[in-house]
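Here is what TrEMBL records for this protein:
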- 37-58: transmembrane segment (TRANSMEM)
- 64-87: transmembrane segment (TRANSMEM)
- 169-188: transmembrane segment (TRANSMEM)
- 200-220: transmembrane segment (TRANSMEM)
- 232-252: transmembrane segment (TRANSMEM)
- 264-289: transmembrane segment (TRANSMEM)
- 296-317: transmembrane segment (TRANSMEM)
- 323-340: transmembrane segment (TRANSMEM)
- 354-384: region 'Disordered' (REGION)
């Protein structure tokens with residue numbers, strides 16, 4: 001399940017957050033620059049490591065763990081972490097914490113119930129990721145999974161009445177083309193694959209995961225827009241539903257096998273690494289995204305694709321042929337173009353138009369310049385959107 005984006009929530013900033021009002025301007029700039037680079041590194045490592053660790057754990061020889069139990073454990077650990085953070089916010093006062101949770105979860109039960117739908121979808125998405133990564137090379141999955149940008153954009157247009165720039169529409173077309181090329185390479189058998197892999201099932205799982213990711217992210221934003229709940233409270237509520245729904249999915253899909261072999265059957269240090277990555281990775285990203293603008297998110301996604309590909313070559317013997325390189329290059333370029341702020345996108349469009357004739361959409365004299373992009377998650381009128389980082393990366 002993806003973690004709720006931090007946006008401008010005070011809780012997301014944490015005790016070490018940089019406050020522009022308490023530091024000298026030069027210090028603020030230097031500190032913010034360092035935080036941006038740290039955010040970039042964290043986003044790259046988390047985006048790539050989760051996929052690689054799942055792939056590694058699923059291809060190890062020996063008993064294979066039950067993916068449904070890993071999903072449940074990740075939700076339990078995530079919920080407990082958020083509970084501890086809320087406990088710390090209440091200065092260790094158990095009574096205040098209990099009263100707060102009673103008010104936020106039970107009294108305001110309508111808001112709590114609204115989270116059942118995205119939680120169900122995120123739980124489904126996490127299980128689908130295991131299916132997809134078990135049947136596709138890590139690099140192929142990482143490239144194909146960027147279709148979540150396309151699904152999020154389409155759902156945002158349909159459900160939030162957002163508008164996309166021409167450059168964004170072009171980047172989405174470029175993204176789809178790149179993914180199609182990568183999948184054509186995969187279908188053509190560009191790399192040798194184990195006999196137990198089913199690329200068709202992997203593709204179906206990743207497409208379903210992208211659809212669920214896009215819908216859940218936009219739905220979550222739509223129903224909770226303007227909500228005053230902290231990032232940790234929302235993740236705790238999602239964790240409660242995620243644990244319950246994950247147990248239902250476990251019982252339905254693998255209940256008999258789990259009852260016979262045990263909940264932790266097949267668990268190794270590598271499997272626990274996957275569970276911890278899923279549990280804490282999303283929460284960590286929810287915090288660092290506060291310091292990462294959309295261009296940085298695009299760079300992080302692009303670099304994670306490169307990192308996943310390089311690691312796949314070393315760890316799994318993945319072969320990069322020209323067709324895969326072309327498709328991955330198109331996807332990386334599309335992610336970067338889509339993440340550009342609208343001001344930069346208009347500048348590119350104007351520069352392109354100036355080569356064929358005078359620009360007819362100049363700023364009228366005396367008119368104020370267009371508003372700058374806001375880093376606050378609630379400013380949905382001007383902020384370009386990227387999937388899952390508003391809410392993950394369900395998975396991230």
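Glycine is no exception: its Cβ is also placed from the backbone N, Cα and C atoms.
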Between the transmembrane segment (323-340) and the stretches 37-58, 64-87, 169-188, 200-220, 232-252, work out which stretch tops the count of Cβ pairs under 8 Å.
169-188
Out of 37-58, 200-220, 296-317, what stretch is closest in contact terms to the transmembrane segment (264-289), meaning most Cβ pairs under 8 angstroms?
37-58
Same-chain Cβ contacts of the transmembrane segment (296-317) under 8 Å, 6 or more residues past its ends?
36, 39-40, 43-44, 47-48, 51-52, 55-56, 59, 137-139, 142-143, 146, 192, 289, 328, 331-332, 335-336, 338-340, 386, 389
